[in-house]
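Colleague: Before anything else, here's the structure in question.
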Amino acid sequence: MSGDFLIKNLSTSAWKTNITVLNGSYYIDTSVCVTRNQAMILLSIIISLVGMGLNAIVLWFLGIRMHTNAFTVYILNLAMADFLYLCSQFVICLLIAFYIFYSIDINIPLVLYVVPIFAYLSGLSILSTISIERCLSVIWPIWYRCKRPRHTSAITCFVLWVMSLLLGLLEGKACGLLFNSFDSYWCETFDVITNIWSVVFFGVLCGSSLTLLVRIFCGSQRIPMTRLYVTITLTVLVFLIFGLPFGIYWILYQWISNFYYVEICNFYLEILFLSCVNSCMNPIIYFLVGSIRHRRFRRKTLKLLLQRAMQDTPEEEQSGNKSSSEHPEELETVQSCS
């Protein structure tokens, strides 16, 4: 993500009313644009606040209250990335709101611009890895269950966090977001690297998700649909609808900016709002999937709903297994490797 992209779109100075020359005549911002920006900022603040609360609940249960497995480790790290992204956007939108509504011009610390880059790249990478793992478990089930290293999930997440942080810091330093050390050549270089990273993971996410869906619904040996597959499918779908536009916008920003003569009237805030919705929706998906066809007469705690959303056992098998019903954290399918 380029330094220009963040500074021009997120600094409070970018929202000052300006007059721009367009085809030889003067063009001034309309009240419609200002009203739209105010609405988008308020909605982004509200969604970010709600999303932080929901992701905090997921972090609490998965990090402390629940037994973790290969898949829940990824969900835990995805919730961390979403929480971090929403926190940074909440602070940035709040500072912009102070200027828009109260004309209080607060300079946003440049270091804060690095956090959305880091969090977005981490979330994208982790979600792509989730899709890849489930695809591998379908294509090579025996290898996945018997030969997969035990701590693959934790190690993979650690590597993705480190790589995303390193890329965010290097780009932030080169583009003047850290230490006020702008270098045009290295800024453009890291912009290209970041864009390549994003495009590769976009492609991997789409390809592995499509392969997974084809094997589930169209394969010669259809795979039983479990809550886990529903959770993954909905999470990927929500990202493609709400999260992907943010990545596409930053990749194409170098070209898009040439057509936006009036910065205040572009669509950045709408895209920012959609990205906040994406990070907010994941916990909602978990709880909704966990509550589907919940026929037992028992209290539906959030912990139980979250456990059921991660269930990798078909419903008919679960209903016939009383022991599994009493301990939903152990519902992950276990097969012999002999």
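Each Cβ is built from the backbone N, Cα and C atoms, and glycine gets one as well.
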Colleague: Are ALA39 and PHE179 on one side of the membrane according to Swiss-Prot?
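Modeller: For ALA39 and PHE179, the topology recorded in Swiss-Prot gives the same membrane side.
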Colleague: Of ASN18, ASN321, which one does Swiss-Prot label N-linked glycosylation site?
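Modeller: Matching ASN18, ASN321 against Swiss-Prot annotations yields ASN18.
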Colleague: Who are the chain neighbours of the transmembrane segment (112-132) in space, where the CB to CB distance is under 8 Å and they lie at least 6 residues beyond its ends?
Modeller: 1, 3, 6-7, 10, 71, 74-75, 77-78, 81-82, 84-85, 87-89, 91-92, 156-157, 160-161, 163-165, 167-169, 171-172, 177-178, 194, 197-198, 201-202, 204-205, 208-209, 212, 232, 235-236, 239, 243, 246-247, 275, 279
Colleague: Verify whether three or more Cβ pairs under 8 angstroms connect the transmembrane segment (232-252) with the transmembrane segment (41-61), leaving out any pair fewer than 6 apart in sequence.
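Modeller: Checked: the transmembrane segment (41-61) vs the transmembrane segment (232-252), no contact.
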Colleague: Per DSSP, what is the residue tally for the topological domain 'Cytoplasmic' (133-157) in helix, strand and coil?
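Modeller: Output for the topological domain 'Cytoplasmic' (133-157) reads 19 helix, 0 strand, 6 coil.
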